[in-house]
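Feature annotations, courtesy of TrEMBL:
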- 38-58: transmembrane segment (TRANSMEM)
- 292-450: domain 'SSD' (DOMAIN)
- 293-309: transmembrane segment (TRANSMEM)
- 321-342: transmembrane segment (TRANSMEM)
- 349-376: transmembrane segment (TRANSMEM)
- 396-415: transmembrane segment (TRANSMEM)
- 424-446: transmembrane segment (TRANSMEM)
- 517-538: transmembrane segment (TRANSMEM)
- 723-740: transmembrane segment (TRANSMEM)
- 747-766: transmembrane segment (TRANSMEM)
- 778-798: transmembrane segment (TRANSMEM)
- 810-835: transmembrane segment (TRANSMEM)
- 847-871: transmembrane segment (TRANSMEM)
- 874-985: region 'Disordered' (REGION)
- 895-919: compositional bias 'Basic and acidic residues' (COMPBIAS)
- 920-935: compositional bias 'Polar residues' (COMPBIAS)
- 943-958: compositional bias 'Basic and acidic residues' (COMPBIAS)
- 960-985: compositional bias 'Polar residues' (COMPBIAS)
């Protein structure tokens, strides 16, 4: 048992040794800052503003494909294989199924009637009776309106490089005609056929060939025999050539200007439109975050107001309200400097880096509260301002270093993510955390020094002129307004300059949390919310809807909502063979087997197959015998004749060799059912890849342009788990370095896991999906969870008490206030985001709130209870520190001990027996004198606050009558030291 206690003593002592070495370094740095506050305030200010100018060179990346798709994704190699075998044919034989990327296009949706929901294009009856003329787009006057809009769109012209371009120059072509899918439905001849009841639905054939009307019409009313009667929604798509993409993008801009004007003006006969282009998502993604920039300005104002409120304690001399504004300014300058520096280095800016300032501002203000709390505890030392600042850094330096290092490393690890969006966000945030840490240590440290000079000179916080104490003004019979607005004195006790917001947690929480009954209640509540989090984490689905990335008021959000509501999503899946095989023999049979098996998939339309091999085998050009079919030359010659005469569209799907005697590559298409669930689509993609990978006879793969978005869904979970696992492991090592106590390191690590589980679980209840965006938030939670729990554990180890309960109480008294106010400052910082329309900002607000609440609650409520039960005890009270590990304070730093306090109190009692106040209000010992007030306040710094039972022990003020009294007690007035040139020497 004795050996065990000795081991605990040695482990605790190791922590003290490490902390003291670090504290000594911070002490020297603090003294340096305190002696040169002007330099340490002006230089960081100039550097930050200079670097901030780099924001003008910002380079923004809004390519959703590159940002949200894993950089090592299989889809990139598959797409390149497709392009190598099937070159672009949009200029002569356009085929929407055969594109290697999402087509460059413009889309118009026309809807007749009000806001009633219309079911998708099925044979079911719509929610509204579209037989009524007010809902039917095939009414002649409505068709005239639609034709007029299309005519205006086709009249758009673009000038570029001295040349004028029309739609005829950039449109995709098939059979030497522009492909405007759905335009033929607006023709008078089609309207006449509908009126005559001769248009079958959905499969329709005209002079241009077969088509599926369900791709263009929605809210359809069809007869029992499958004849089109009426429709409510029409979609018209304008496809552009791939080789004219640059001009097409310029045309799309003009298109958006035109149709947005028409939409605002409104169309007659209750016709409304929705519209989009292939670039709309990127454009609206940019608008979605830049439009909310005003919220950051409001956040700065709100954060400053909260900091002033929390820091407004003491009186007009000791108050730290203006100092708190300096802390917010330091955090803001650090953010600006990091953004400018990375922009100057050419780092691409991704739009949702816009949430970074809200996060980092909270971290910076949290560090500010820690430093101000340490400053408030320095009043027990009788030193000048530079040394006092050194003591502040020696106490708070470790805390803010843990905060910043853990957050910095958490985001630095995020740079290893395979998602470019996550990589760029983590890079900007990691550098911002580092920059704010540096500015806090320099600029805010200098602000603390200047604040100390003012306070210990007895100067007013606003006028910076010497003032009198409140007691002096009371003696002068001044009114209450003058007493409280003009009266003030140098603080004489620890925490005397703190506000009620800082004192209340220290006073209430230890009594509340360590009550045995409350312990049981808190434990049961913790287990309940942990169980709910585990359930939610199991139910959480990975994936991200790109429409959620834009504002709800965006035209693209309206278009996407209509598109999914009325048309759903059907994907044409290409099965590609990029190796020369004999399609007339067993290899061709194997190809057919794969296609048949794909059609049997639950998400596939079993009745749809577009395959040149299937159609060719039924044509008269197919070889008559199996022997002839197995002959590559005969097979290929027959195929060429069939494609040229009967199926020109499939010319895009077959690649011949130079001599036209064999097929080098080919593809066939199956179609999915109408399902917009990205989770089902992602599972289908995995199944189809497994199917083609199982073909051993030759190489085969599946492709669809949408797969590049589905890659995000299947890759996000393993990528996040890997990144989070690495982050937790690194946090374990960092915590072990800062808190070399095995139990404490284990508790901090468990707390990280609990908070991550909480974030995962409650994302489900908040209707959030697991995506690259939430991955950023979870990385953020790793750093924050370490911040909160490390403060409690460090305070526990610093306690000189013997028993666990007492040490837990000490930890709550010293750490609960900074944790509470730091958490509240972060929560206030993100609260403005609840007003935003942006999915980035709203999801950030929800998850950030969860992280803050879970981190603070776990650290302040749960961990002290665990420590009071199983925390390490101090085996030798008062001898916990080795003599080699006792921090050696500088020679001019005197700690006021109990004997000094006792003698001071006795001397003060003698003074009270002195001359009484006369009728004029003057005192015999001239305490009301301004000069005496200054000296008295300075010497009053002798009172040390010792915390017992969770409450500061209050001592009487020590105010010696003259400087001789100070000499007798061996003390020097800190006020005199902080005035003049002596402290800066």
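Using the three backbone atoms N, Cα and C, a Cβ is placed for every residue, glycine included.
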Worksheet entry | Segment-level pLDDT (mean, integer) for the domain 'SSD' (292-450) | 86
Worksheet entry | Per Cβ pairs under 8 Å, the stretch of 321-342, 396-415, 517-538, 847-871 packing most closely against the transmembrane segment (38-58) | 321-342
Fill in: Cβ pairs under 8 Å between the transmembrane segment (349-376) and the transmembrane segment (293-309), at least three
yes
Worksheet item: Given pairs 6 or more apart, does the transmembrane segment (396-415) have at least three Cβ pairs under 8 Å with the transmembrane segment (778-798)?
Response: yes
Worksheet entry | Criterion met for the transmembrane segment (517-538) and the transmembrane segment (778-798) (at least three Cβ pairs under 8 Å) | no
Discussion item. Before we move on, state whether the transmembrane segment (723-740) and the transmembrane segment (847-871) share at least 3 Cβ pairs under 8 Å, counting only pairs 6 or more apart in sequence.
Written reply: no
Worksheet item: Hey, would you say the transmembrane segment (293-309) packs against the transmembrane segment (778-798), going by three or more CB pairs under 8 A that are 6+ residues apart?
Response: no
Worksheet item: Which one, 424-446, 747-766, 778-798, has the most C-beta pairs under 8 Å toward the transmembrane segment (810-835)?
Response: 778-798
Item to complete: Could you pull out which residues elsewhere in the chain have a CB under 8 Å from any CB of the transmembrane segment (778-798), counting only those six or more residues past its ends?
Response: 12, 15-16, 19, 359, 363, 366, 370, 398-399, 402-403, 406-411, 413-414, 422, 426, 429, 720, 723-724, 727-728, 731, 734-735, 738-739, 741, 744, 747-748, 751-752, 754-756, 759-760, 807-808, 810-812, 814-815, 818-819, 822-823, 826, 847-848, 850-852, 854-856, 858-860, 863-864, 867, 871-872
